[in-house]
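A.B. asks: Take a look at the following structure, please.
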């Protein structure tokens, strides 16, 4: 006889509901059946429980009837080839079936991150859900729990320790994790995402404890549809997927890039209000070319060189097809940290058939465009009045450049090809010019202009005379003193964006930009920098963090039921973000609004994106809400604890 406390009714993804105590007797006769007897005070309560037997789920109702043929399960452990269901009674040479019935009462409730409230369970809830004796007698509020957790986290001096503490909290008390992150977003954002997440990915094999997403490797080829069904949540709205080949500025980290989808989706919930149960992190493991990873005994991925060509394409195609089959047309798939050669191809291939978004290309472009639009209020003029020089011509660089050109074209009715001529890019071989066009990758060719070849960045600055310098190279300290001084000599207020992540890969620091430009630079970075004091004035550097854009952008797509992403939606998101920079922010040197207002920022971005989706005929959720901002706010996940029966 197996006895258990039951606090919930079964649905198709778990158990939730009221409370009673059940006992189950398992007997073995072919075919299978399970009998249930109510023992608790609520024995008249209607209930059903699923028990897995021989790879089939049987629904058992309180009166003992079964929706399938009866089965008799014997709990004997004496010899033979019978399966053993009670592993404590099994001998070492016998096979054990790892089955369980999930409940949300007693000890298991405290181990359920979706429902656990820790010491915040009320006296009534402790009685109703068999928690007496399992918790200390004190009852505290969620706000006090937040205060206590922040006190603990601040004691850690090493960022990775703070990251691990936050991940442990997410896996034990989900609502407290998001409450903590929302209430302390400016302090904790660098902990759960860049720059700390980069180190977490590098060391993911040694800090890995429990899976927080799906790992789909070449071993699963041909069975990805079934693998997706292994994920316990079925109503998925957002998937963030990586293949780990280009993690931030750290290169190929293989399977250990899983930290990126987990971190991004944490921000989708905390900043954009997307329900955590609707989020699915995925890593596609096709191997790694990183020898250090392959030789690391703690590496958790496939120990082989990366698959390429047809083998890679077939796996990705099976994944994309399976996602649509499992979750429908409106699930958002965000590509994250794919290498250039795959990122552009995947976006082009699936952009017309799926709801896809590449944050490295499109999200970065939108947040940088927002910063530029805001900066124009300081330096004056329109985008078309400025010249732009990029160091880095990969996903981020070309994505930003293209969105700037689209915005210039939109504002001036200038042909897109003409707008592109205001933008120059420098890659590892120097300035991209027409004489190099035969050797250029396809995504660089639109930026090959008539100009003599130039190798050095400082010479490109002096040769093209930009008003805006943007770094997306992934190579640290490439904006040297000579380069910044050249920008300052050309412009009264040079705009310098050093966007590479993590902090160690930033093209220059905030202090270097302000000092070398004698306090005249308008500066923003990808990773956070502390305020800088120069000649008695305090400068607050802006952070061109994609977290300003993608949570609200995704929420806008979800709440409108959009089926495709359009470039005009990215322009709308950028303009919505720029519009929220106040004069008070400008007075402090900021070109982005404070992160403490990020949920309101996301709601406004979501409303603009949804409005554009309706305008373009890409929205399926009808009728259109009258007030899209209020509707966005109403859709947002609230991490406050719920009261239990």
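From the backbone N, Cα and C atoms, a Cβ is placed for every residue, glycine too.
Annotations for this protein, taken from TrEMBL, read as follows:
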ACT_SITE  193  active site, proton donor
ACT_SITE  264  active site, proton acceptor
BINDING   246, 501, 545  (S)-malate binding site
BINDING   336, 337, 360  divalent metal cation binding site
DOMAIN    170-351  domain 'Malic enzyme N-terminal'
DOMAIN    361-614  domain 'Malic enzyme NAD-binding'
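How buried are the listed features, and what sits near them?
C.D. replies: Within 10 Å of the C-beta atom of residue 193 (active site, proton donor) sit 26 other C-beta atoms, taking all shown protein chains into account.
The Cβ of residue 264 (active site, proton acceptor) has 193, 240, 281, 334, 336, 359, 550 as same-chain neighbours under 8 Å, each 6 or more residues away in sequence.
Listed in sequence order, 242, 243, 244, 245, 246, 247, 248, 257, 260, 360 are the same-chain residues at least 6 apart in sequence whose CB falls under 8 Å from the CB of residue 337 (divalent metal cation binding site).
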A.B. asks: In sequence order, which same-chain residues at least six apart have a C-beta under 8 angstroms from residue 501 ((S)-malate binding site)?
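C.D. replies: When sequence neighbours closer than 6 are ignored, residue 501 ((S)-malate binding site) has 194, 195, 198, 248, 249, 526, 527 within Cβ distance under 8 Å.
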A.B. asks: Given that the record lists 246, 501, 545 as binding (S)-malate, what is the largest C-alpha to C-alpha distance among them, in Å?
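C.D. replies: Looking at 246, 501, 545 as a set, their Cα atoms extend up to 18 Å apart.
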A.B. asks: Return the count of C-beta atoms lying within 10 angstroms of the C-beta of residue 246 ((S)-malate binding site), excluding that atom itself.
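C.D. replies: A 10 Å sphere around the Cβ of residue 246 ((S)-malate binding site) contains 24 other Cβ atoms.
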A.B. asks: If one looks at the chain holding residue 545 ((S)-malate binding site), which residues at least 6 apart in sequence have a CB under 8 angstroms from its CB?
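C.D. replies: In sequence order, the residues whose Cβ lies under 8 Å from that of residue 545 ((S)-malate binding site) (at least 6 apart) are 189, 194, 367, 526, 528, 592, 595.
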A.B. asks: With an 8 Å cut-off on Cβ distance to the 336, 337, 360 Cβ center, who else from the chain surrounds the divalent metal cation site?
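C.D. replies: Same chain, not in 336, 337, 360, Cβ within 8 Å: 242, 246, 247, 260, 335, 338, 343, 358, 359, 395.
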